[in-house]
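A.B. asks: I'd like to ask you about the structure that follows.
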Protein chains: 2
Amino acid sequence: MFVQKGLLIVLSGPSGVGKGTVCSVLRKEQSDIVYSVSATTRSPRIGEVEGINYFFKTREAFQQMIQNNELLEWAEYVGNYYGTPRRFVEETIQQGKDIILEIEVQGALKVKQTYPEGIFIFLIPPSLAELKNRIIHRGTENDENLIRRMNAAKEELKMLKYYDYAVVNDEISKAVKRIQAIIEAERLRKERILPYYEQWLKEEL
Amino acid sequence: MFVQKGLLIVLSGPSGVGKGTVCSVLRKEQSDIVYSVSATTRSPRIGEVEGINYFFKTREAFQQMIQNNELLEWAEYVGNYYGTPRRFVEETIQQGKDIILEIEVQGALKVKQTYPEGIFIFLIPPSLAELKNRIIHRGTENDENLIRRMNAAKEELKMLKYYDYAVVNDEISKAVKRIQAIIEAERLRKERILPYYEQWLKEEL
């Protein structure tokens, strides 16, 4: 039997925009989507669970994954590696299940090179002032880091043009609903339905 | 100030699939969309109001509209003319408002020639048996007409490939929700947001 490949959905946006929060709410509400878990060399924060929030790796293990081409994308960020294990993503969409990757802007652009048919959603802040606010309120940044992160965020904001959809994260619940609408609409695209439909027509007519 | 053109949304599908019902529910729920009112030469049914359900025209007036190129699409169907007044559609989208056209399959394909950037949604029945049921239960068809309409519907069903989205009309409320998701997603397309976004970036950065 023909099985349509699942959707590969990439949720990205500038640092500080709230990707993680939006994605975790989406994850609770939408159990019909598989979530890709990133690998990282940074230490687990309190409450973070191996295999749910991240796969926690040593630098050596991570570098081995890079060598073996086991990562769909990876980047080094503030001294730590982050990356997306390739095999899990590929197996999930081959089985016809939809998967979502919540990743950084640069990583998303790398995924696009491999999967141009993916659905690339860019989260944007309601304003730059608000983005600055959010970065400050994480409370982990000194002034120099803050300026560096704001400048990086400004560069990242210019990347919308490489994405398919723009979603303003003004309120988390609203942003989640918008993303859900995008996913529902993409599932209804003629191209996805046509193979089944033509089979159905043949049987019915 | 730059104003993005509104979306031109075309809702179509085979005769008997329930376009009218779905569209009237959508119309109640979604007041931010303008509805295109067709012109016709058929007589008003009980409860139908001029300018809301149709613009009722004489054959002479309708033929004059055809002559003057005032119709975006038109067709003759069971001895009556049906058509979409062009000017209202064009003015609405020029003002940046979204408009929905609920029209027959052939008419939709004509609109696509003029507006390939439109969003073409094809309603499909859950099964052919169900479509036959619906055509019978309209109660206005004799056997010969029924067979003719079923054959026409079968031909129309093959037209999905010219559309952008397929929506199964298994339950009216579900079909309406799917259409709403499509409209919301289309409004979030990068291409629609980018002109405003680049202006916003210029001001903020």
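Keep in mind that glycine also has a Cβ here, set from the backbone N, Cα and C atoms.
Quick paste of what TrEMBL says about this protein:
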DOMAIN    A:6-184  domain 'Guanylate kinase-like'
BINDING   A:GLY13, A:PRO14, A:SER15, A:GLY16, A:VAL17, A:GLY18, A:LYS19, A:GLY20  ATP binding site
A.B. asks: What does DSSP say about A:GLY16 (ATP binding site): helix, strand or coil?
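C.D. replies: DSSP call for A:GLY16 (ATP binding site): coil, neither helix nor strand.
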A.B. asks: Which residues of the same chain, at least 6 positions away in sequence, have a Cβ lying under 8 Å from the Cβ of A:PRO14 (ATP binding site)?
C.D. replies: A:VAL105, A:LEU123, A:ILE124, A:PRO125, A:LEU131, A:ALA152, A:ALA153, A:LYS154, A:GLU156, A:LEU157
A.B. asks: For the domain 'Guanylate kinase-like' (A:6-184), report the average pLDDT of the model, please.
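C.D. replies: Taking every residue of the domain 'Guanylate kinase-like' (A:6-184) together, the mean pLDDT is 92.
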A.B. asks: Beyond the listed site residues A:GLY13, A:PRO14, A:SER15, A:GLY16, A:VAL17, A:GLY18, A:LYS19, A:GLY20, identify every same-chain residue whose Cβ lies within 8 Å of the center of their Cβ atoms for the ATP site.
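C.D. replies: Nearby residues not in the site list: A:LEU123, A:PRO125, A:ARG134, A:ASN169.
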A.B. asks: Tally every other Cβ atom lying within 10 Å of the Cβ atom of A:LYS19 (ATP binding site).
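C.D. replies: I get 22 for this one.
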A.B. asks: Under 8 Å Cβ-Cβ from A:GLY18 (ATP binding site), six or more apart in the same chain: what's there?
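C.D. replies: Listed in sequence order: A:LEU123, A:PRO125, A:ARG134, A:ASN169, A:ILE172, A:ALA175.
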A.B. asks: How many other Cβ atoms sit within 10 Å of the Cβ of A:GLY16 (ATP binding site)?
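C.D. replies: Step by step: centre on the Cβ of A:GLY16 (ATP binding site), count other Cβ atoms within 10 Å, giving 22.
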